[in-house]
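As written in Swiss-Prot, here are the features:
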- 1-133: region 'Lsd19A' (REGION)
- Tyr14, Glu65, His146, Arg177, Glu197, Tyr251: substrate binding site (BINDING)
- Asp38: active site, proton acceptor (ACT_SITE)
- Arg54: site 'Raises pKa of active site Asp-38' (SITE)
- 134-282: region 'Lsd19B' (REGION)
- Asp170: active site, proton acceptor (ACT_SITE)
- His186: site 'Raises pKa of active site Asp-170' (SITE)
Amino acid sequence: MPAETVRKEVALEYCRRVNAGELEGVLQLFAPDALLVDPLGTEPVVGRAALAARLAPALRGAVHEEPGRPYAAHDGTSVVLPATVTVGAPGAPPQRRGRTRVMGVIEVGEDGLIREMRVMWGVTDSSWTARPAPDEERRKELAREHCLRINDGDVDGLLKLYSPRIRFEDPVGSWTRTGLEALRAHATMAVGSNVRETAGLTVAGQDGRHAAVTVSATMDYLPSGPLLARHHLMTLPAPADPHRALIGIEYVMVIGVDADGLIDEMRAYWGATDVSLLDPAA
């Protein structure tokens, strides 16, 4: 399984080659039978020939991808990369270029090649298609509201956002838990560690179901730090003063929303390289 740093570098290299207009170079980053879904909710294209046909018009339109920081996972394959994409039709003047905020969920194989890329962006995330889309905004608001209720220590209020059929994985690659009682235990531990979350970029899928948000979180080292280390989810050295130390976690939360408007799926993408010890005096 490729290391977290390798997966992150593959995602960033994709942006570099796209920005250089290197179609063949871009294709060489993908497995021969790779799958691309862009945007999420449309039909996938499979294989390098189909990828070439899909990517060539964007490269002719001088597409430019400004990547954010990449996020890993503990499954040995995943990396998530937020980006701001600008592109125009081939030959169009600069003032007619569109701007889209996206989140790419990428799977990298043992050979270091991209096996799957699913790009999440909604009509509310692009200047090309910007129009009212209450369903997208509702999903994005649910993702942000999760962070607010955690910050308020409102576990009961948090559970009201979720379906009794919730399945969640935090972090991706650990283990999948199901049901509201499992979520209550998970959230109670977070609140007990004084978690504070700041939501960042939020995007929607065009599948009528998903949304994603980048999150910067801090928490007390105790009591959760030793537990994270025990499960090999964190590889930081023990702090000199664990009672004062803080942990920082940068992650992406992807949610799925059911027909009742409740979250029935939650995946948190973060790896060991997304965790840090913070100076409590800073």
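Any Cβ shown, glycine's included, is placed from N, Cα and C.
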For the region 'Lsd19B' (134-282), the number of residues DSSP places in helix, strand and coil: 46 helix, 53 strand, 50 coil
Confidence summary for the region 'Lsd19A' (1-133), mean pLDDT rounded: 93
Three-state composition of the region 'Lsd19A' (1-133), taking helix and strand from DSSP: 40 helix, 46 strand, 47 coil
Those residues of the chain, 6+ apart, with a Cβ under 8 Å from that of Glu197 (substrate binding site): Cys147, Ile150, Asn151, Val215, Ser216, Ala217
Under 8 Å by Cβ from His146 (substrate binding site), counting only residues of that chain that are 6 or more apart: Leu158, Leu161, Met253, Ile255, Ile263, Met266
Tyr14 (substrate binding site) versus Asp170 (active site, proton acceptor) - Cα distance in angstrom: 27
Other CB atoms, at most 10 A from the CB of Tyr251 (substrate binding site): 24
Residue from Tyr14, Asp38, Glu65, Arg177, Tyr251 whose C-alpha is spatially nearest that of Arg54 (site 'Raises pKa of active site Asp-38'), among the recorded positions: Asp38
Set of same-chain residues at least 6 away whose C-beta sits under 8 angstroms from Arg177 (substrate binding site): Arg167, Phe168, Glu169, Leu183, His186
